[in-house]
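Asks: Structure provided below as structure tokens; questions to follow.
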């Protein structure tokens, strides 16, 4: 037996061992809490309960909010659940009394259901609950709540005063107590119970009259008082007590007794004495069929003498005559008593109170009065009290327990410490937000600058230069400028004489002399370059360098051609020049926007050692880079980075290789073909090696940034391959062929059945929606065909089903092809929310409340599973059968809307949350709204999506908000809406979630929305859905689209 008990305890069924000690609650108990409370019988569990109780006591004393009733309500509910056995440990009576005494002066709680619940709990502890309800009615507490009249009527019904109970119900209905439908329902149930009892009573009386049965002794009979005016315990008499006193208890007389007409009927009186019984009429002597059974044998036996002495006044029971008393005879001897003997002292026997505390008598003065009287006396005492306490008495005796001054000081210190830490965290969070805003602003400026530069580079025109001599490179005569930015290039010397000294060679020759001077580095002198350029060139045309000439950009192919035609001597001279490292310059300083210098010259492109000279590189140089494969990689990474909307800052790659005066180079140095020479100076090779290292590091950073993008196709594909094998699921199938062409009227094989495409419903960027029907059925089903071979929707559905278990019933199947996939859902006769917006004249207040309520519950489940949807738009939501079949009550109110597109969803359990929220489609729709910068979590994007959808349904336009200094509010006014208070609370709550958990926010909003679903609401809702179903049903939409030339819709 002991082993079985231990096994039950191990299995978590401790409550099975102590069912009889658990006090039942009308609203039931939480099973997990009950098992935990019963398992915490040890000292550790008891200590944990005491700590939680201490926390509630502290919260009551130091509560600074505007709803103190909430703390008491949570404290009492926690006590009920964690002390299932009741008793002195729970101290429920004192707890309820202190709560009522503390809140009795708050008139705002008089019609609060929580405050009325406290009074009802107090009524269960009172001697006369009816007096308490009369007192509540006189004070106006709970008179507008249905629960007040229901509980009051139940007390009268328990006392079988059905008339008064019915009067109480009628009074509540006349006052229209809320909720009125619940009160009326309880009244009807009460009337049915009374009617049933009346019919049963009539039937029992008829049965007793027709078939009188011998009464039986009742066991465990009730001793509860009955009656309306006088309370008297019922007297149940059975067996021989109901017969006439003259009859025998053993056998009945065979001969009936004659009834004398002039003889009075005597009634048995149990309170009459023995003398009065002799006056009763004696029965007529009749012959006995059998000897009677003696009634009192102990009185018929002759008692024997116990002693020869009888006390005076005693007489034998069988002799009514008086007997003379015999005087007592004293003994004729005297017992001997020793003189030295002492009387033995008896030790008093005292029972241990810990053992026999149940049977100990109650001490005088321990009798406690009625709780209602104590509450009333406390209220009168508070009204009459005029003393002023000079210490914090309210904090010492606020709760049930008592706090010392040291404990109060400690709690005050902890509270201040907590506030200081929260302020520090808030300050640090604000600083992070400001830094993030600055970074985003810098990114936007950089992107704008790059866009302008790309436009200028894309529109740049290139002209072919005429060559007079195939061995020479000439300068184009026509000026070419675009958007006010001068075009730059690397210039080759015009002289065919290999011994002619170019300006760049002059600079290089002067550099050894400059090393010995006091100057730290030499500066390029343009005038000197112009003087040297005036020397005549042999074998070529004279070039006037007094004035700088316009330049032209050579294409890569042209440069390669000219390099082949130039003589080897000229190439050798040119390869001795060290090309400028633009990558080293760009990555060697932080991102600072620099204005291009229009007075720059192409000669600076060859002066690599002149670090103080400003250089400006144009973006078109990427198009003529020496390494086309590296260029494609860089462009690909740039595209991925733009897709992720996240710019990587290369501040960690700061390399101090040049002088302090460093500016961004705009020269097209990559266009020069002479940098490919294999013979170069050692410094040139070292710089080239360092540039290659920097390019590799930058490429790795760009790749990591692309992988971190949650919407990157390659990243999603790698994630699906590493996490799970989709082919192992029965709902997933793979076809090793291209995706079939989806056209209206054609058949497509989906799983074991063939479907016929009826109509194209919606066309989006990367997927399309079709209405299809099985070949053997006319029921329309919606499928989603995507051009991406990544079944991300199916993955999200699997994760939701895995993490939510039975709380998620959305089923879908997927078929993957080589170049796409198709997902079809198990819903029939459904349409998107986009169709509903196109028929806004049928959208009523009830339909909007139903849709938003469904959306709140769905998104709450997504966030519990750590998944962000990111695209809560009309095109991604479908309306289920609850809309088209409003009288089908099998489907609940929270099954009307479902999500069918998870293209923008992010699984935060396996994906990093360090990304820009602007990648969500909801953020793209609300672009320009300042509230987006206030999102501290990806989950908040879904809250804004719900708010935008509600705004779209109510005002027919997207969300517009503003900051009033304290809260985010709508630009539109909700005062003209039906149930404007509900919508005002909804938008204020969902727009100002701040750092709170979105799961709790969504749960609270769903509960508040669900409170509107009463009988009247359902009546209006079903009427509106019936009208709407005729318009947006799939059959009606197919008919309308067949009449239109377009057919498919465009996304919202």
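Every residue, even glycine, has its Cβ placed from backbone N, Cα and C.
Here Swiss-Prot flags 871 as active site, proton acceptor. Residues or ranges marked as ATP binding site by Swiss-Prot: 762, 763, 764, 765, 766, 767, 768, 769, 770, 784. The feature domain 'Protein kinase' is assigned by Swiss-Prot to 756-1040, with sequence analysis given as support. The N6-acetyllysine feature in Swiss-Prot is assigned to 243. Summarising the annotation, Swiss-Prot assigns phosphoserine to 360, 428, 535, 659, 665, 686, 1033, 1050. The phosphothreonine annotation in Swiss-Prot covers 781, 998.
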Asks: I'm trying to understand the geometry here, so how far is the Cα atom of residue 871 (active site, proton acceptor) from the Cα atom of residue 781 (phosphothreonine), in Å to the nearest whole number?
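Replies: Spelling it out, the Cα of residue 871 (active site, proton acceptor) and the Cα of residue 781 (phosphothreonine) are 22 Å apart.
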Asks: Return the member of 428, 781, 998 nearest to residue 762 (ATP binding site) in space, with distance defined Cα to Cα and candidates limited to these modified residues.
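Replies: Result: the closest of the modified residues to residue 762 (ATP binding site) is 781.
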Asks: Between residue 764 (ATP binding site) and residue 998 (phosphothreonine), how many Å separate their Cα atoms?
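Replies: Computed Cα spacing between residue 764 (ATP binding site) and residue 998 (phosphothreonine) is 29 Å.
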Asks: Quick one: among the binding-site residues 762, 764, which has the most Cβ atoms sitting within 10 Å of its own Cβ?
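Replies: It comes out as 762.
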Asks: If you measure from the Cα of residue 766 (ATP binding site), which of the modified residues 428, 781, 998 is the nearest?
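Replies: For residue 766 (ATP binding site), the closest Cα among 428, 781, 998 is found at 781.
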Asks: My understanding is the cutoff is Cβ-Cβ under 8 Å with a sequence separation of 6 or more in the same chain; which residues meet that for residue 770 (ATP binding site)?
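Replies: Sequence-distant Cβ neighbours: 742, 757, 758, 759, 760, 761, 782, 783, 785.
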Asks: Could you tell me the mean pLDDT over the domain 'Protein kinase' (756-1040), as a whole number?
Replies: 82
Asks: List nothing but the largest Cα to Cα distance in Å, as a whole number, among the residues 762, 763, 764, 765, 766, 767, 768, 769, 770, 784 that the record says bind ATP.
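Replies: If we measure all Cα pairs in 762, 763, 764, 765, 766, 767, 768, 769, 770, 784, the largest is 15 Å.
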Asks: Inside 10 Å of the Cβ of residue 998 (phosphothreonine), count up the other Cβ atoms and send me the figure.
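Replies: Excluding its own Cβ, residue 998 (phosphothreonine) sees 22 Cβ atoms within 10 Å.
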Asks: Here's one to test understanding: among the modified residues 428, 781, 998, whose C-alpha is closest in space to the C-alpha of residue 768 (ATP binding site)?
Replies: 781
Asks: Return the residue, from the listed recorded positions 766, 871, with the maximum count of other C-beta atoms within 10 angstroms of its C-beta.
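Replies: Neighbour-count leader: 871.
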Asks: Among the modified residues listed here, 428, 781, which has the most company in the form of other Cβ atoms within 10 Å of its Cβ?
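Replies: Result for the most crowded candidate: 781.
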Asks: Rounded to an integer, what is the Cα-Cα distance in Å between residue 998 (phosphothreonine) and residue 428 (phosphoserine)?
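Replies: With the alpha carbons as reference points, the distance is 22 Å.
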